Amino acid sequence: MITYSSYLPKNSDTTNNAFITGFANSGFELLAGIGVFAALGFMANNMGVPVDKVASAGVGLAFVVFPQIINELPMSPLFGVLFFLSLTVAGITSLISLAEVCFAAVSEKFSLSRQKTIGIMGTLLVLVSLVFATRGGLMFLDVVDYFANNFGLITIALVEVVTIGLILRRLPVYQNHANFVSDIKLGTFWRVSLLVITPLMLGYMLIDGTIQNIKKNYGDYPTEFVVTYGWSIAAAFLLVALVIGLKKWNAQIHSDSAQLEKEWKDRGVS
């Protein structure tokens with residue numbers, strides 16, 4: 001979201017865009033959740049087991065449980081084709097969206113051409129992805145996906161919030177700019193959310209998840225496997241982000257940011 005929003009015009013209504021994006025995403029997730037839990041509840045009732053015993057989130061839900069649900073529907077072959085076609089489109093678009101963030105960041109950070117960036121990073125991504133095509137690829141995917149999302153992303157988000165809000169103290173600047181260009185005004189609750197509520201929630205999630213995974217390995221995988229492909233991947237996320245963050249942006253991007261901040265001050269936004 002940060003990468004894509006950086007391409008918006010300087011005076012875009014950022015607050016309104018954020019509300020539209022957030023509510024649209026949450027709305028579709030809510031509708032999808034209703035359908036998923038209804039189907040899982042039906043299967044759990046037929047099997048005589050709790051819902052959490054039917055399946056958990058992830059690969060098993062998409063490739064094991066949903067096909068079983070589709071088999072119960074009339075015209076199941078048609079719905080099966082539509083489901084996996086939708087899954088393919090979702091996978092490709094997600095791949096493009098994630099890769100574009102990586103390409104844009106590397107290109108702008110190291111002043112590389114887009115073609116060179118795609119060539120280098122695309123090759124690296126393909127080579128790394130080959131491990132998921134091996135016989136144990138499903139286990140690699142399961143562990144990497146779990147730890148990257150539940151630890152890597154949460155840690156990075158926590159570091160971002162603490163750095164911007166508590167260390168650099170930039171929230172007043174961003175709040176005033178957002179209020180200047182947006183119809184929806186940000187108030188005290190916005191600052192409290194980012195300075196107090198969000199760090200506490202992310203910190204709790206991180207600590208609780210760490211404790212639970214220390215007590216019991218995720219998916220009952222061997223400790224060596226979880227440490228090598230789980231904890232190490234999560235730590236690598238944070239390490240790479242911190243190392244790359246130490247490198248300064250190229251002069252053109254920095255000057256654009258400085259010019260934008262000067263415009264804010266000239267308009268009374270400080």
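The backbone N, Cα and C atoms fix where each Cβ goes, and this holds for glycine too.
Keep in mind that this is a model prediction, so the values were computed, not measured.
The annotation transmembrane segment is assigned in TrEMBL to 20-42, 54-70, 82-106, 118-141, 147-168, 189-207, 227-246.
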Among 20-42, 118-141, 147-168, 227-246, stretch most in contact with the transmembrane segment (82-106) (C-beta, under 8 angstroms): 118-141
Listed stretch, out of 20-42, 118-141, 227-246, that has the most CB pairs under 8 angstroms to the transmembrane segment (147-168): 227-246
Other parts of the chain folded back onto the transmembrane segment (118-141), taken as Cβ under 8 Å at six or more residues beyond its ends: 59, 99, 102-103, 106, 112, 221, 225, 229
